[in-house]
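Report on the structure given below.
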Amino acid sequence: MTTLGTALTPKATKVMMLGSGELGKEVVIELQRLGVEVIAVDRYKNAPAQQVAHRSYTISMLDGEALKALVEKERPDYIVPEVEAIATATLVELEQKGFTVVPTAKATQLTMNREGIRRLAAEELGLPTSNYQFVDNFTDFKSAVENIGIPCVVKPIMSSSGHGQSIIKSFDQIQQAWDYAQQGGRAGAGRVIVEGFVKFDYEITLLTVRHIGGTSFLAPIGHRQQNGDYRESWQPQAMSEIALQKAQQVAEKITSALGGRGIFGVEMFVCGDEVIFNEVSPRPHDTGMVTLISQELSEFALHARAILGLPIPEINLISPAASKAIVVEGKSTQVQFGNLEQVLAEPNTNIRLFGKTEVDGHRRMGVILSRDISVEKALEKAFRAYDKLEINL
């Protein structure tokens, strides 16, 4: 039987979030709805989840000693990684000492870089993937591009939101792609993956929840990427029954291998009735923000329930829905959003502004959420609302 304490009391149930972005912010809110005490950690001050947590700390989460000291100080019941750039060897050590890492320290360690998860998926589990090769110097990189063939996709083994990712369409782009990958890695320059270009009809995220009662799947989410970063997502993505069954089988295999409880974002390419595994994140997924309006329980509420060992008897889709990322370009420490009365005049439409304190280049600062009788109409509505939004730097 699950017992939850009350926040800010001696018997509080405590969760430490490692990473405090917009996805973590929603998880914090859902945990607090259940009376949980939340500590938010990030590498910079006033990150979105820190703004709503009970307490916050600013450290380099790649510093294992600093991370260990903080965990020993707070002694949380659950450690919940929200980003890849964490000293995962320290998480393994903490788990061995009796701390609970969500979903597991192994899952966090394997998925923190693309090499660990790709080798697990393709070489151990035999899941269908694109052709690939890992390299750590420019000479081997050129050879890998020749072996894989053009076009091909280049990614740092450790990055998020499309940073460092590019597509090589001609041989004269090889140096540029290498340099961009070296600049975009979360932990600095280093190893990259060269992937064969996959011909596909569409991409999906199959959110998969491992919980006390078993494994459950959300309705598939379609999405559009730009430079490796999500721009729009919608739910449900129409797909054949055969393709959906195959996608669920792939998701079941990879999440079972990772273990633990919580939500996983399993990314796949779909071509006809065939599915190809791409990546998996052992945490809520950015494309899954659409569930804030499409479902009775969002991916964040489901994650909170799964973490705490609470049941998830069913997952209900309210209606077709879409999300449109608000990406701000420029340089500012005082971004303002205007004309919101017109944005929210669209029925069954909402907006989330993440509270990120600055932008330097381009950054996702919010999301428009819309519901309608079809995915197409929901997308149209989200775009209409977005077009009315005023952004002032």
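In case you wondered, yes, glycine gets a Cβ from its N, Cα and C as well.
Here Swiss-Prot flags GLU22, LEU23, GLU82, ASP286, LYS356, ARG363, ARG364 as N(1)-(5-phospho-beta-D-ribosyl)glycinamide binding site. The secondary structure of ARG364 (N(1)-(5-phospho-beta-D-ribosyl)glycinamide binding site), as reduced to three states from DSSP, is extended strand.
The Cβ of GLU195 (ATP binding site) lies under 8 Å from the Cβ of SER130, ASN131, TYR132, ILE148, CYS152, VAL153, VAL154, LYS155, each of which sits 6+ residues away along the same chain. In the three-state DSSP reading, GLU195 (ATP binding site) counts as strand. For ARG114, LYS155, SER160, SER161, GLY162, HIS163, GLY164, GLN165, GLU195, GLY196, PHE197, VAL198, GLU203, the entry in Swiss-Prot reads ATP binding site, with the evidence type sequence analysis.
Taken from Swiss-Prot, the feature Mg(2+) binding site covers GLU267, GLU279, and the record attributes it to sequence analysis. In the three-state DSSP reading, GLU279 (Mg(2+) binding site) counts as strand.
Per Swiss-Prot, the feature domain 'ATP-grasp' maps to 119-308; the stated evidence is sequence analysis.
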Spacing of the two Cα atoms, ARG364 (N(1)-(5-phospho-beta-D-ribosyl)glycinamide binding site) and GLU203 (ATP binding site), in whole angstrom, works out to 20
Neighbouring CB atoms within 10 angstroms of the CB of ASP286 (N(1)-(5-phospho-beta-D-ribosyl)glycinamide binding site), all protein chains considered, total 22
Of the binding-site residues GLU22, GLU267, ASP286, ARG363, which one has its Cα closest to the Cα of GLY164 (ATP binding site)? ARG363
Rounded Cα-Cα span from GLU279 (Mg(2+) binding site) to ARG114 (ATP binding site), Å: 8
